[in-house]
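Undergrad: Take a look at the following structure, please.
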Protein chains: 2
Amino acid sequence: MGMKAGFFWLGFLLACILASTSADETLNLWPMPVSVNHGLQTHCLRKNFALKTEGSKYADGSGILKDGFSRLLDVIDVSRAADKLTNFNNFPMLLGLHVIISSSSDELQYGVDESYKLSVPGNGNPNYAQLEAQTVYGALHGLQTFSQLCHLNLETRIIEVRPTPCTIEDQPRFSYRGLLIDTSRHYLPLRTIKSVIDAMAYSKLNVLHWHIVDSQSFPLEIPSFPKLWNGAYSASERYTMVDAAEIVRYAQRRGINVLAEFDVPGHAMSWGKGYPSLWPSPNCSEPLDVSNEFTFQVINGILSDFKRVFKFRFVHLGGDEVKTDCWVTTPRVGRWLSKKGMNKSDAYKYFVLQVQKIALSHGYEVINWEETFNNFGKQLSPKTVVQNWLDNSVPEKVVAAGLRCIISNQDKWYLDHMDQSWRDFYTNEPLSNITDPTQKKLVIGGEVCMWGEYVDGSDIQQTIWPRAAAAAERLWTSYDKLAKDPEQVIGRLAHFRCLLNQRGIAAAPLLGYGRAVPTEPGSCYKQ
Amino acid sequence: MGMKAGFFWLGFLLACILASTSADETLNLWPMPVSVNHGLQTHCLRKNFALKTEGSKYADGSGILKDGFSRLLDVIDVSRAADKLTNFNNFPMLLGLHVIISSSSDELQYGVDESYKLSVPGNGNPNYAQLEAQTVYGALHGLQTFSQLCHLNLETRIIEVRPTPCTIEDQPRFSYRGLLIDTSRHYLPLRTIKSVIDAMAYSKLNVLHWHIVDSQSFPLEIPSFPKLWNGAYSASERYTMVDAAEIVRYAQRRGINVLAEFDVPGHAMSWGKGYPSLWPSPNCSEPLDVSNEFTFQVINGILSDFKRVFKFRFVHLGGDEVKTDCWVTTPRVGRWLSKKGMNKSDAYKYFVLQVQKIALSHGYEVINWEETFNNFGKQLSPKTVVQNWLDNSVPEKVVAAGLRCIISNQDKWYLDHMDQSWRDFYTNEPLSNITDPTQKKLVIGGEVCMWGEYVDGSDIQQTIWPRAAAAAERLWTSYDKLAKDPEQVIGRLAHFRCLLNQRGIAAAPLLGYGRAVPTEPGSCYKQ
């Protein structure tokens, strides 16, 4: 009962804060764009609001823009709008959205131009909103922003666009804005993964880091070594390569790259279920056998299969938490180490660099967890991106060494840490302690990590959202536009989590820590 | 840490039980049909598996069957199947499903024939599965059962149908198999409600009891009294009548009726936000003012608006937890009571019977919570169905009085009670203590209740499922087919919850109580 009362007071306090901070209800955009100039008027949408692309250099042969526009109409609830506008509606009407894209290419690669400019109404034609972008992916971001300007008025059943007139110029602060999912500790159904991707697009995150395999299970089909997915939990808790291609396709059409990871030489016990010779011995089954050439043949096979499906510039090779004891205690491997004159640290380095080399030979640039940098520093390939997770002083060392870095410090950006609230996610600054402008550029972005030990298809969405969205604003919005005090954004973030709920994403209330549930009756906007 | 270890052991025990009970993996149907005769062979589906309706008397003008068949293809993952069957597939192939429906009507009313007979392959044509049903709604149930016989083999990417040959004859034990949702304590987005309806169809539940309004908020548009929804939490946390009609339409096309409820005279404080004269006084705002003729005019208006949209035979009028003090302490109401010679109990009865009369005049039969029966017994309209929730001895009294009864005892079937596990939901027998065959027939079914104080769009699915599915088997399956010991069904229910996850429904693990989350890495089928 004490707990209940405590929650009540927390709720009451939160409600007060929410009430006091949602004053500018006209501008509930998430993440906040770089620049917004707006009046205080309202436009309205014609029911058959249309897409116009005259003057665009992008032909949209694959329908990415067309589909994005259809999804826009869906999420703004055009189907709920009245067929005929009522007489008493005096708002100027928008007949459609005029999208002008400068680049004819729809290649989605790291660093693709994601900027856009949105004008409601457009400068040329007052009956159209106008969206200009370098690429179709910038345009998709613009569509997301436009969707957040649309409000279905349930009294009139008119979709109102406000505030207008409005000019938004926008582009991300970081090129890499990631979310990790882990399909080894628990299998995630394809529909669940797609739904996570949907919500990433709403939040303008752009990299789905797919931690495919780990010690517990190996769910992905690898055509070159077809017994690897014998390490899956069950016959159905698996992904074919066609499934993987479908995830990549689905994400790409939403402007999201998929970063595939296998984590070697540790975190790989499940590999040996199909190929036991990958284990040092049946009794000592991790890390992968460094002494066996077959280990690297398998890795080469995986990467050659990956290359057909995972088109992102980067592949993630893991490299963290390697406990090398098995190599020493297994006589066969121990003899190999002696022969090569390596101790176990040397062997760890040998393994990591060997795998980097194979990945580079397939045309990938590589990402590794920070232990590889902590141990081998500049001996890593210069094409390495180091993903920080343990030690907050590592990023400055990484960039000082001239390597690129992704920030995922576990004390703030680990979604499986239920004691981290959205405030922790919001306030975590990737560039803290880095002042040199050249070094700053080497921090390519950040990533929130949804490790899978305690989530599956039943609870992953509310564990990710809205906390990942808080980080998404940190990664998207220009530094000077970010709130110094997270309480300043609470009303706007609450609004965004309600928007996610309306769109069918089970984002949790803000009150409380990770995966909190509502603690009393009330409005979505105040919880 | 003690907690973690405890969870671990619980998990270990559960895993053992699951491993030991999932022996007959060939027949993971939920809910279990009345009669299943099957061999041990396997058929496979042609990729363009087709619907055939020759000889059917049902024309499907509204496309209910066609859409149901499309959804079947979707949930069995036809899109993941290989385009061409491989050479090494020696299973006999099914070209399609032949559906034969006897009734030309698609009226979905209480007591509609829901039986079906499914043969794989059919008797006449070995290249088709055959589904016979009296009504399209029986056929929809047959499609659900068929979907559970289909298994995508990820090695061959063939959809296997097993076990075959197979003949299933099936019909529900109870005509009323309900789930209550509550949109007053928290607003539920339309997409959330539709997703709940999807999962109801998978479980063969057939009544969505929509507890629309309560003291906390009034989210529904009532055209006759347009200020009523001023009692909503916010401008957007509302449903238009068009939205309501869309929910009814969506449910009906899945064989599910919508039971609309307003709960009077208690649980109605939010009504007075738009019409303060419905309150006894601003300081004493519940129950609705019994002395004011306007109160009954409003109720009449609501019911006349309901009648256009909610086509189910029944309407729910609430009537529970009425604290009548405000009527006595408000001088104006007190004077009215004196004038009428009523005490507060008389007035409660007057109110309930008056509202019943209005509902009956609109052609509805009525459902009330058990307090109305406990207080007024046979003075209720003989068209009353009493919904039991408090006292387990009430159902026998209700049916002894010749009234119909719905079972929702809160000690077993309240989904907001987190301490009730799926075992409680499974073992709760609606006919316990009722022996007379005529009286048994008056128990028209049961309902699990998802009260909304602690759920919203973020957590409702895992709070409902899989526990509601456990109750669904109790309500569907013939008594002699039900497991006496719930441990006998744990493997099959775990399989069904994984199926829900695969279909995008966030059903929780079985381990633990309501809304449990996974407590360690592992297979969906063992959690």
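Even glycines carry a Cβ here, placed using N, Cα and C.
Here's the feature list from TrEMBL:
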- A:1-23: signal peptide (SIGNAL)
- A:29-149: domain 'Beta-hexosaminidase eukaryotic type N-terminal' (DOMAIN)
- A:174-478: domain 'Glycoside hydrolase family 20 catalytic' (DOMAIN)
- A:Glu321: active site, proton donor (ACT_SITE)
Undergrad: Which secondary structure state does DSSP assign to A:Glu321 (active site, proton donor), in the simple three-class scheme?
TA: coil
Undergrad: Run through the domain 'Beta-hexosaminidase eukaryotic type N-terminal' (A:29-149) and tell me, per DSSP, how many residues are helix, strand and coil.
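TA: Once the DSSP states are binned, the domain 'Beta-hexosaminidase eukaryotic type N-terminal' (A:29-149) shows 29 helix, 38 strand, 54 coil.
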Undergrad: Only counting partners 6 or more residues apart, tell me which same-chain residues put their Cβ under 8 Å from the Cβ of A:Glu321 (active site, proton donor).
TA: A:Gly266, A:His267, A:Trp369, A:Glu371
Undergrad: Taking the domain 'Glycoside hydrolase family 20 catalytic' (A:174-478) alone, what is its mean pLDDT?
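TA: Averaged over the domain 'Glycoside hydrolase family 20 catalytic' (A:174-478), per-residue pLDDT gives 97.
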